[in-house]
């Protein structure tokens, strides 16, 4: 649905050229939730603003449903934007207008004249976001979560095919974040709406995204399905993001591993296998003792997945057999250390 | 008490009433035309300004310079320089009618600058949200920027009105009349402290009322 080809963005600041984005290539499929994660200054705000042309590209091409948006101008550009919704970190609601008037604004912009039809559409949208009885309030009378729901209702007013979320939950507390993310997921599934969101929180990506791209210094350093990126991060930036999301610290883990005997493996598995007692079965079969050093079993969007770090103690042949048996069951096994470390003095 | 009565009797109240009427006329008419011309000019200044919707450095620079020229010109000099134009516009350079064009020309740039500042106070995110919804510049100005800046614009109009009250005092130079003129001619030049006191009190009450009305309107339209 959206295709970015070799997209670059250069800003001129005080006579110096600043490369905000460099050679970005992305393919976003219809109906998916696509996350773009990066630290502040990584270029993600610029990237999402290229999609509805709030910023123009410096080089490259952006296709939206086969149409080159970089070439749009004037009325054609406004038409395109009417079919792309956007929500913002700070909501950006009109403080001088009621909730209902805010939601009606894109309808007015699109030229809707019929007051009754407009009121009906606004009521429908407010119902969808769970604010049916709040239409006459002013934004200043609402909580942050409610404001973002108004923002979502406004963004959906003209039945867009694409919704852009600019750090939509970054100003909200964890519980409100969860409820807004659930609403986005519900809209995505109910309306088949494609969603592109940018965030600095990997938790957001884990909760609702199908695919993720990691942006660092204006360059996409890694992209793929969320489960894959979470379980097997390749780039150091991605690894840091995943560790942050899991509240882990790489150094602590290394230290812990050094003091444990045996062969150390990391198992990663997704899907229904998570609920099978395969670890115990394999251990019994090969006579392997295991100790769980660290691990997590969770859901990434709707997919259950697990990642465990184990110390296996047994003869080398038995360990190899157990690993092969686990792999045969579809578990991805990384051997972190073959055997016990050389003894460092007496314990 | 006798002396107070004497003071009251000694004042020509008909003259004071006429002066009050003249002040109100000059104030009302000038404020109307200032708002009519100053609001669009303020919007234009804002829109053509740096990093704004219709950013036009040359247009902005030109407008900004013109505004600064008019604002740096002492009103008394403007009053005299304007005489030929005033005659063209009103048929006379004297009296209340002759005072209104220079008053308007003096306050338009002042009010326009205040409008520009009020518009700059509007969160840029609101403009961005309107743009993202596909709004045209006209829609953004009329449906978002001006309604959001309305309290600021009313506050600007209040300040402008009070400035106009001060300017009307100088219109006496061309026989403009009004309370300020009366204070100068009678109170100051003829040493009539009683007339001076009455006109000053009336001007104070007028300024006070304007400020209170303005504040009340600002409060009414503020949703924050």
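Including glycine, each Cβ sits where the backbone N, Cα and C put it.
Bear in mind that TrEMBL entries carry predicted annotations, made automatically and left uncurated.
Look at TrEMBL and you will find B:20-213 tagged as domain 'ABC transmembrane type-1'.
Annotated transmembrane segment per TrEMBL: B:29-47 (among others), in sequence order.
Positions annotated as transmembrane segment by TrEMBL: B:59-83 (among others). Tertiary neighbourhood of the transmembrane segment (B:59-83): same-chain residues 41, 44-45, 48-50, 93, 99, 101-102, 105-106, 108-110, 112-113, 167, 170-171, 173-174, selected by CB-CB distance under 8 Å and a gap of 6+ residues from either end.
The transmembrane segment annotation in TrEMBL covers B:95-114 (among others). Under 8 Å from some Cβ of the transmembrane segment (B:95-114) lie the Cβ atoms of residues 22, 25-26, 29-30, 33-35, 37-39, 41-42, 45, 66-68, 70-71, 73, 75, 78-79, 82, 85-86, 89, 152, 155-157, 159-160, 163-164, 167-168, 171, 174-178, all in the same chain and six or more residues away from its ends.
Under the heading transmembrane segment, TrEMBL lists B:195-214 (among others).
Long-range contacts of the transmembrane segment (B:29-47) within the same chain, counting only residues at least 6 positions beyond its ends with a Cβ under 8 Å from a Cβ of the stretch, are 53-54, 59-60, 63-64, 67, 100, 103-104, 107-116, 118-120, 137, 141, 145-146, 153, 157, 160-161, 164.
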